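Presented below is the structure to which this report refers.
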Amino acid sequence: MLTFVTGNKNKFKEVSKILEGKIEIENQDIDAPEVQGSIEDVARAKCEYAARIVNGPTITEDTALCFNALNGLPGVYIKWFVKGIGLDGLNKLLVAFEDKSADAICTFAYTEGPNKPVHILQGVCSGKIVNPRGPPTFGWDSVFEPDEQQSDQPKTFAEMDPSEKNQISHRAKALKKLQDFLLK
Ligand SMILES: O=P(O)(O)OP(=O)(O)OP(=O)(O)OC[C@H]1O[C@@H](n2cnc3c(O)ncnc32)[C@H](O)[C@@H]1O
Ligand SMILES: [Mg+2]
């Protein structure tokens, strides 16, 4: 069994839905410490920590939201920005800039167990930061409008059906790579 260590129920729900049982996973809610550093540094340290507790095959996931006008910030620190200044605050951060574009980056880290190599698989969804639209169910979904759209009327992630988001999201793209890696 593969253990997905995350404290975020929305993440686990999306991952389970996208995998459609092709890879069986169980959730363990461990609040793994997140170090400072590059996306890869954060992902690797979190997975190594989680694997020591799970003591078996483990995946962890990190989501970064990188504003191009701010050279990639808030990046992996997006959780603390949302906590501190809210979704409205994310918009205000960009007021001084014409460029509202952002990349949502999902990084999975996989290891067979403690002291085994950690593999990093990443997916990116480009879009822009907009005023909140749609239900505030999951993180910053209501302020992120992906570039890839299924109709002329652009939607934020929050306005999309789960299946629509799961076709184009950063998480779906990263999971595709993780699946290819694990199934080969
Ligand atoms: O236990 P972990 O897996 O770390 O769960 P977390 O909620 O702490 O997640 P992160 O450390 O990766 O921080 C990412 C932040 O971005 C939010 N987030 C992650 N994926 C998202 C998505 O697809 N849409 C909107 N918000 C998302 C999430 O709620 C966090 O506030
Ligand atoms: Mg976290």
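Cβ atoms are placed via backbone N, Cα and C, with glycine included.
What you are looking at is a predicted structure, and each value in this text was computed from that prediction instead of being measured.
The feature ITP binding site is assigned by TrEMBL to 6-11, LYS46, 62-63, 138-141, LYS165, 170-171. If you look up TrEMBL, you'll see GLU34, ASP62 marked as Mg(2+) binding site. Annotation comment: TrEMBL describes 146-165 as region 'Disordered'.
Secondary structure from DSSP puts THR63 (ITP binding site) in a beta strand.
Each of the binding-site residues ASP62, ASP141 was scored by the other Cβ atoms within 10 Å of its Cβ; the lowest score goes to ASP141. Its own atom aside, the Cβ of THR6 (ITP binding site) has 22 Cβ atoms within 10 angstroms in the protein chains shown. Comparing GLU34 (Mg(2+) binding site) with ASP141 (ITP binding site), their Cα atoms are 22 Å apart once rounded. Other C-beta atoms found within 10 angstroms of the C-beta of ASN10 (ITP binding site) number 12, with every protein chain shown included. A Cα-Cα distance of 11 Å separates HIS170 (ITP binding site) from ASP62 (Mg(2+) binding site). A straight line from the CA of LYS46 (ITP binding site) to the CA of ASP62 (Mg(2+) binding site) spans 9 Å. ASN10 (ITP binding site) carries a helical DSSP state (H, G or I).
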